[in-house]
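Undergrad: Can you read through this structure? Questions will come right after.
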Amino acid sequence: LQEIVRKMRERATVYKEKLKDPVLSSPEGSPTKCPVKEDAEAKPEEDHYCDMLCCKFKKPPLKKYMEHLHLPDSIDSYTDRRYVAWLMLVTVAYNWNCWFIPLRFVFPYQTPSNTIYWFTMDILCDICYLCDLLIFQPRVQFLRGGDIISDRVEMKKFYHSSMKFRLDVISVLPFDILYFFFGFNPAFRANRMLKHNTFFEFNDRLEAILDKAYIYRVIRTTGYLLFILHINACLYYWASDYEGLGSTRWVYDGKGNMYLRCYYWAVRTLITIGGLPEPQTLFEIVFQLLNFFLGVFVFSSLIGQMRDVIGAATAGQNYYRSCMDNTVSYMNTYSIPRVVQNRVRTWYEYTWDSQGMLDESELLEQMPTKMQLAIAIDVNFAIVNKVDLFKGCDTQMIYDMLLRLKSIVYLPGDFVCKKGEIGREMYIIKQGEVQVLGGPDGKKVLVTLRAGAVFGEISLLAAGGGNRRTADVVAHGFANLFILDKKTLNEILLHYPDSEKLLMKKAKVLLKTKGKPPPGPPVQQPRGLASLFGQKQETPKLFKAMVGGKGKEGLAKLLQLKRQQDTQVIKDKIDPEREEKKPVEPAAPSAPPAQKEEPNTGAKPKPAVMHRGTSNESLIISMSPSPRAGEGEILKVEVKEKNRK
């Protein structure tokens with residue numbers, strides 16, 4: 001019955017709080033959603049199997065293949081990966097034309113025996129050009145006044161009015177029909193090299209989706225250098241053929257691999273290495289001078305571009321080294337101890353290795369607030385959502401809180417917080433482990449908290465300016481923690497009063513839960529027949545004080561000592577009056593005087609006896625809660641003398 005009464009009282013208390021503050025949720029569980037029966041008439045999808053080499057395996061139907069290959073009505077050139085893949089195919093065709101048209105025109109590699117193979121590759125490249133012109137480019141979305149235009153008619157008009165469309169049309173003009181009049185001369189396909197806009201567009205889109213775009217930039221710059229050397233080798237063979245192969249020491253003598261010999265000459269000329277034969281004729285001198293001038297300009301431009309690419313790739317590393325060098329120089333200037341310097345170096349190295357940057361906020365500050373919020377939700381929302389204190393709060397409030405979280409790295413052995421400090425922050429473990437220390441010496445590991453755990457949340461909403469830490473928290477290894485201080489939370493809660501009420505209620509519940517004393521050792525259950533009567537209840541403290549206790553704790557002992565003291569005081573007053581022999585008018589007592597007994601110092605103290613009757617003393621007994629949690633209540637007993645009229 002007592003258990004039933006206790007539960008009913010707890011339930012009544014919950015509903016009283018619900019009536020006072022409707023923000024709190026009901027303790028009763030919400031009804032579950034009824035399962036919806038699937039339509040029985042829906043036919044299951046047919047399975048398609050294929051027999052091959054005595055094996056039977058499942059394959060998707062042709063309809064799914066067609067749906068996957070179906071082109072959308074409009075293409076987003078910034079996010080559609082299929083469009084990037086198509087641009088790569090067109091770029092391969094463009095590079096084929098750029099590299100092999102000059103090669104086939106100058107060097108005698110195209111012969112009547114292999115013309116069919118060259119002609120087949122040319123047709124495949126032309127098909128890629130036509131598909132890009134007629135199918136893909138008219139579907140690409142564009143911006144007009146900040147709006148994304150996805151209408152098919154408008155996209156086609158925009159593409160047809162652009163310079164890119166004119167160059168694409170010129171690049172697919174069929175000058176190849178001149179083969180029938182002048183033979184298979186690759187020079188008639190020179191217009192295919194005008195489709196350079198697609199090549200540069202592919203470079204931009206590919207760099208936007210790569211994680212390490214600087215690697216592709218280095219490869220692309222190297223490709224530029226090799227292509228320029230390729231063109232120079234073709235020009236050198238053309239000049240040698242014009243002068244006559246082997247006619248002078250300067251021209252190609254026609255021995256060995258013609259392309260490699262000419263390419264070697266082009267490398268030594270453009271990079272200005274020297275050691276080449278001197279030109280003999282006027283044509284050779286002019287050609288060599290133009291090569292030297294072009295080589296100085298091209299080579300210096302490519303070297304500068306390569307330097308910029310590598311510098312951009314290592315900009316973060318250079319910034320890290322600069323910050324670390326400045327910090328070490330500062331510590332050496334002020335003679336900081338070597339132990340502290342080593343810890344500072346360790347912090348720099350671990351922070352850079354784990355994050356790739358020293359401060360994440362510097363990178364996010366360049367973005368708009370909405371983008372910062374989107375990144376913070378993806379990175380931190382799953383961790384903050386696990387905190388019981390914030391469950392049920394406004395989602396927008398949690399989003400605002402995500403933007404205020406600060407990430408701090410603690411080294412092994414660093415104190416996150418110490419016992420007795422005023423708590424003003426809440427900690428969320430992002431990575432690593434922390435240990436809670438306690439015990440008599442403060443070195444016993446009470447619990448180990450890992451990634452996703454939260455501690456110090458009570459400090460955010462504690463009344464009176466904060467509560468003190470009850471234990472030391474130390475980083476077990478390298479620990480990356482999110483910190484949210486009390487001032488920041490109060491600024492956020494100004495705009496969310498409902499969430500503030502809910503947090504205050506939860507904070508009170510958590511304070512009561514964590515303020516209870518730790519459970520003692522388990523009580524041994526009685527055996528035999530004694531178990532039928534249950535455990536004996538503890539005697540109330542007030543009753544113990546009234547009945548009496550051991551030594552000086554009993555109430556009877558206090559009364560006896562007070563009575564002896566009053567008797568001695570009265571005796572001291574009567575003796576001087578008798579010596580002076582002055583009559584004193586006795587006052588009419590309202591009650592018979594209390595019995596007086598002279599204390600006998602030689603005799604043993606008798607046990608205290610409670611006498612009936614009236615007295616001029618007042619007994620005040622009070623109970624007050626202890627200021628320390630877990631110590632119960634304090635009993636106070638005071639004996640005061642009544643005021644005489």
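Backbone N, Cα and C atoms are what each Cβ position is placed from, and that goes for glycine too.
What TrEMBL records for this protein is below:
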- 83-103: transmembrane segment (TRANSMEM)
- 165-184: transmembrane segment (TRANSMEM)
- 214-238: transmembrane segment (TRANSMEM)
- 282-303: transmembrane segment (TRANSMEM)
- 389-493: domain 'Cyclic nucleotide-binding' (DOMAIN)
- 567-645: region 'Disordered' (REGION)
- 567-584: compositional bias 'Basic and acidic residues' (COMPBIAS)
- 613-625: compositional bias 'Polar residues' (COMPBIAS)
- 630-645: compositional bias 'Basic and acidic residues' (COMPBIAS)
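What does the local environment look like for each feature on the list?
TA: Tertiary proximity for the transmembrane segment (83-103) is limited to same-chain residues at least six positions away from its ends with a CB under 8 Å from its CB atoms, namely 75-77, 109, 118, 121, 124-125, 128-129, 132, 136, 140, 186-187, 189-190, 192-193, 195-196, 198-199, 201-202, 205-206, 209, 227, 230-231, 234, 259.
Residues of the same chain lying 6 or more positions beyond the ends of the transmembrane segment (165-184) and with a Cβ under 8 Å from any Cβ of it are 110, 115, 118-119, 122, 126, 129-130, 132-133, 137, 159, 191-198.
Counting only same-chain residues 6+ beyond the ends of the transmembrane segment (282-303), those with a CB under 8 A from a CB of the stretch are 221, 224-225, 228, 232, 235, 239, 242-243, 248, 250-251, 269-272.
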Undergrad: I'm checking region-level scores; what's the whole-number mean pLDDT for the domain 'Cyclic nucleotide-binding' (389-493)?
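TA: Its mean pLDDT is 83.
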